[in-house]
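Undergrad: Look at TrEMBL and you will find 31-50, 62-82, 94-114, 126-147, 178-197, 251-273, 285-304, 316-335, 347-368, 389-411 tagged as transmembrane segment.
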Amino acid sequence: MNLSSWIDLSGVFVELPIIIPLTPEGWKLPSLIGLCMCAAHIGPLLLIIIRWRQKNRFSEIPYIYIIIIIGIISCCVMAVSWQKTVVLFGRKRSIWLLSTIFTLGFLDCTSSLVYFDYMKRFRARYLSATFLGEAFTAIPPTLLAVLQGVGSEAICVQTANSTILEATYSQPRFSSTVFLFCIAGIVFLSLIAFILLRWTNIVTMADAAEKNPLNNIKSSIEIQQHETFPMNIDIQPTQLQHTSEMSFSTLILLLSLLVFSGAILIGCLQPLITYSLLPFGQKTFYYTSILSPLAYPSACFLSFRWPTITTRTTIVETIIGVSLCIFIVCTAWQSPCPWMADTLYGSIVMVTTWFLATLILAYIRIAIGNRIKMEWIDEKGMFYFGISTELGVILGTIPMFFLVNIFQIFVERLPCQTYCKI
């Protein structure tokens, strides 16, 4: 079920190396996508209002159906219209592409609250399976991108009777339209999976239902000590010895770290992905778009071995991850001629840095979620977890939009021009 939560937008971000050169927005497109995502957070806000009004009558199940079905339709619309432009305020703009991204963002941001809230119906050990499902949203788009190959590389051709070089772009093995239809098909399979979850006895057979709706801490620990996590990975009891409830101050600290790391990793870095990577070449952008999404499932597998970490370790790892993110921001600020631009070593450094930053901060997010699920007695803990994630994205995205589009402190490269002369 959780595979449908972000797979559509994961597919869009994986496809950006091919889409960006063919849109009028160019390198600024990721920041505009970030703004659409920020506006899409009205979805969780509306859900909070509905939840507050309905109180105990609230059920997330109808909203899960709505999210998945509209997501399928939106993917199909994007597949046939992403290259269409509309003249607005004197310039061509990718209104169709940005509109469908807003719709998908509206659905996916809301799903972060709805899906995790749905997990209160199941035992604590199945939360890692939920994270795994969300992590695997990066796998199908990545595999499709590998099959698709590198595209939209600028090929400089000298025009007739002129010394001016014009850019033409290489073609991938199959188009972005085919790519997006494949994503829509995967989301449809997720709909089938949720129907089976709701209308068959799978939950009963797996003994997955939470017997105590308040998620009693003692019983949760006993479950963790005597049963194994999904995928038959044994977790030693010593790793889950949380014998006391989480204090309110600890909860606030963990949620604050979640907001901060989300603001840096998703809110700040995504709008700068072109400025930090394209000065090193189109292939650097392509390989990063493939490898970085794989960092999240890697973090999820780490969580099977170390489902939680101490507060001190969480703080230290957050500092390391944020430091890597700051390095990426500094590189983007130096565009169009950053340190080690147009070199193989620079490309390796940037791809590695993006992967490690994503891996560390993604693992922190999972570890925080596991701790809240196991140690915070209130069943609304995971709801607060989802809210904190979305808040971080908003706080990071809005400032970056102004820096990129209004103040224009980041400079893009033009194709077929020479930069970084020694």
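Any Cβ shown, glycine's included, is placed from N, Cα and C.
All TrEMBL annotations are machine predictions without curation.
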Undergrad: Which of 62-82, 94-114, 347-368 has the most Cβ pairs closer than 8 Å to the transmembrane segment (389-411)?
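TA: It is 94-114, which has the most Cβ pairs under 8 Å.
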Undergrad: Out of 62-82, 94-114, 316-335, 347-368, what stretch is closest in contact terms to the transmembrane segment (31-50), meaning most Cβ pairs under 8 angstroms?
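TA: Top-ranked stretch among 62-82, 94-114, 316-335, 347-368: 94-114.
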Undergrad: Is it the case that the transmembrane segment (347-368) and the transmembrane segment (178-197) have 3 or more CB pairs under 8 Å, with pairs at least 6 apart in sequence?
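TA: They are not in contact.
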Undergrad: Which residues of the chain, 6 or more past the ends of the transmembrane segment (178-197), have a CB below 8 A from one of its CBs?
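TA: For the transmembrane segment (178-197), the nonlocal Cβ contacts are 1, 3-4, 7-8, 11, 15, 64-65, 68-69, 71-72, 75-76, 78-79, 82, 140-141, 144-145, 148, 203.
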